[in-house]
Amino acid sequence: LSTVEKIKKPKKRSTTIFGYPLSIFFIVVNEFCERFSYYGMRAVLVLYFKYFLKWDEDFATTIYHTFVALCYLTPILGAIVADSWLGKFKTIVYLSIVYAVGQVVMAVSAIQDITDANKDGTPDNMTLHVALSMVGLLLIALGTGGIKPCVAAFGGDQFEDHQEKQRSTFFSIFYLSINAGSLISTLITPILRAQTCGIHIQQECYPLAFGVPAALMVVALIVFIVGSPMYIRNPPQGNIIVKVCKCIGFAVKNRFRHRSSQYPKREHWMDWAEEKYDKLLIAQVKMALKVLFLYIPLPMFWALFDQQGSRWTFQATTMNGNFATSLSSHQTVNPILILILVPIMDTLIYPLISKCFNFTPLRRITVGMFLAALAFVAAALLQIQIDKTLPDFPSSTEGQVKFINMVNRDLQIQADNQTISLKAFGANEDYLTFNNQFTLVLEPGQQYNVKLDNGTRNTMAIIQGSKLGFEKFDDMTSKPEKGENALRQVISVFHMESKTDFSFICKFYMVILYYTVLTGGFSLYGRAEFMIKDDRGSSCIYTQELGFGSSYTLIIPSTFTFGEMNIKAVMDMEPNTVHMAWQIIQYFLMTSGEVVFSVTGLEFSYSQAPSNMKSVLQAGWLLTVAVGNIIVLIVAEAATLKDQWAEYILFASLLVLVCIIFAIMAYFYTYTDPTKIEAQFGEMEPEEKEKRKSFDMPRKGSAESHKEDRRSSDSSSDDECTKQTKI
């Protein structure tokens, strides 16, 4: 069949339920399982790199983001295969098999027992596990990226021309299924990882954390195949990418050859391809280029959106996180809000706005970008409040010091021109800042010149020997991460006659993080209970209440007795005081922007795409995500801003600028009905196509015809706008 005949060929009628094709329910369930599989695996991927493969954080982060970038670059390959060779159905099936195999390989790579010959719980051949992991991730990236542009477009193919309202609602349901899978997997997979498993040594169960997503991918494949008898399958219409590139190339070369003023101008630069290519293909290329041109500003939205998983997560680690016990639960805020906001937008917000003015898809996209910019303004305002609560750390030319009195009497010391009063076994409240060195006077006649390393914090413990002296210790120069707390102990046993061995046995009421005892201290959050005992069996229990992100020095004085609880806690850094719940504001704004922006973008890409390029435009939409991540790296590296809030404002300003540019572009965009335009060209007489062989074509009639098409397009645009579903 010719291209025209394929376009005119009616779709077969599909079984419907409540006005919707039955086939779309299989597609929605397939998408839910696939997104569960992808986001579930990704939720624990970095932890797998660091704790199983023993990679450092920098390398693990690099590989992680490389994998994510591949997932958003491979849609181009999937679109080419679907539109020019296999068709959407076969592309989804074949690449889903590749996808499922990749997930199974990842699960196998996490089984430490397959190379644990000495049964010590550590893989003996780590190279094998790394190789399996990389093969698995490559297959997953190829699979998830390859089917990504095909599934949404294939779902849109199931609707007939008179079902535009149902098709628009389908895209909302489709997006809900994506976020439902993301939400559930993000909650469940970290719990699965926390389980213990292993033949020889019980360890964190990465095989289970990867195995469940692998099982869901197999389920997704089975569900999709079961619905195959009901699908409407549009056949691929040739190698459209090559045709488009050749058509554009010929138009550019032909226009360059006829750049002289003696040749009459043509209404559109693509019209210079009429000598070689039929008008239908040229019209389709024009429609595709119009949409792709609008995609140019869109990556800036994703540049802000994807920082939820980086900058905003880092921001959360400096806040009071009592409302969430882990960062994995923090990641569920976005999908929860999407599940709430999509129905609200669909049933309440859009109908109300439509009563005031025509809220077209491009206007929605513009509003979505503006909401994302507002989200970053909110993040900047919150960061300013957080900065006010953070310690004032020394600059690169300064040093800071705090004094602890380990003597059983009050002291008054002098550091340069500052006099400090110290209670017995007490400390001064704040760190003192000096430029490189200062003069310390402990008692009359006892003067020391103390030198501090630049950019360091120090604690000086004043001790009693034949005379007063001091010991200097290095302190932390950054807040404990992830809401953890840093503790250390200073034990004074100088006046104890017996050899007493103090040991700490710790019970934790919340999760233990980076547990180390001895000189480095340890980090945890919640409440810690210490049992102190000596070699004679005497013991006592000391409880220390902990916030999020604090640092304490516990002083065990020389006067310590087991009958009295005279341990003193010196707060080196205050707990985080700005509650993490304040981030809900920026998450709400960003998620509102995502709902308006992304759902509408999927629908707009499909409705404005020619019949043989829908998957290509879907892939182009997803490609904007990859470009957005590249923008983050470029802007963050080029800006080198000292304050994080300033970087937030920079990104917000850039998005507002892009938003204005996009609004101007959208104002001049004319909505088209690809089906009508293709049908018009399908009715052309065969002899009219022969005109493309002549280089001297009269342009007046063509221009008048184009004006009539434009007026027709404008009138159909108004009809199209009224048909757009309020997502």
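Note: Cβ is positioned from N, Cα and C throughout, glycine not excepted.
Automatic prediction, not curation, is the source of TrEMBL annotations.
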Per TrEMBL record, range annotated transmembrane segment [choices 261-279, 394-412, 527-545, 546-564]: 546-564
Outside the transmembrane segment (92-111), six or more residues from its ends: residues with CB under 8 Å to it: 34, 37, 41, 48, 52, 78, 86, 129, 132-133, 135-144, 146-147, 150-151, 154, 206-207, 209-211, 213-214, 217-218, 220-221, 224-225
Stretch contact, the transmembrane segment (584-604) with the transmembrane segment (59-80), Cβ-Cβ under 8 Å, 3+ pairs: no
Listed stretch, out of 59-80, 208-227, 287-305, 546-564, that has the most CB pairs under 8 angstroms to the transmembrane segment (616-636): 287-305
Stretch in 131-156, 208-227, 648-669 most in contact with the transmembrane segment (59-80), if contact is a CB pair under 8 A: 131-156
Residue numbers, six or more beyond the limits of the transmembrane segment (287-305), whose CB comes under 8 Å of its CB atoms: 244, 248, 270, 362, 365, 368-369, 372-373, 375-376, 590, 593-594, 597, 601, 604-605, 608-610, 613, 616-617, 620-621, 623-625, 627-632, 635, 651-652, 654-655, 658-659, 661-662, 665-666, 669, 672, 674, 677
For the transmembrane segment (208-227), sequence-distant contacts whose Cβ falls under 8 Å of one of its Cβ atoms, 6 or more beyond its ends: 22-23, 25-27, 29-34, 36-38, 40-41, 44, 48, 92-93, 96-97, 99-100, 103-104, 106-107, 109-110, 185, 188-190, 192-193, 195, 197
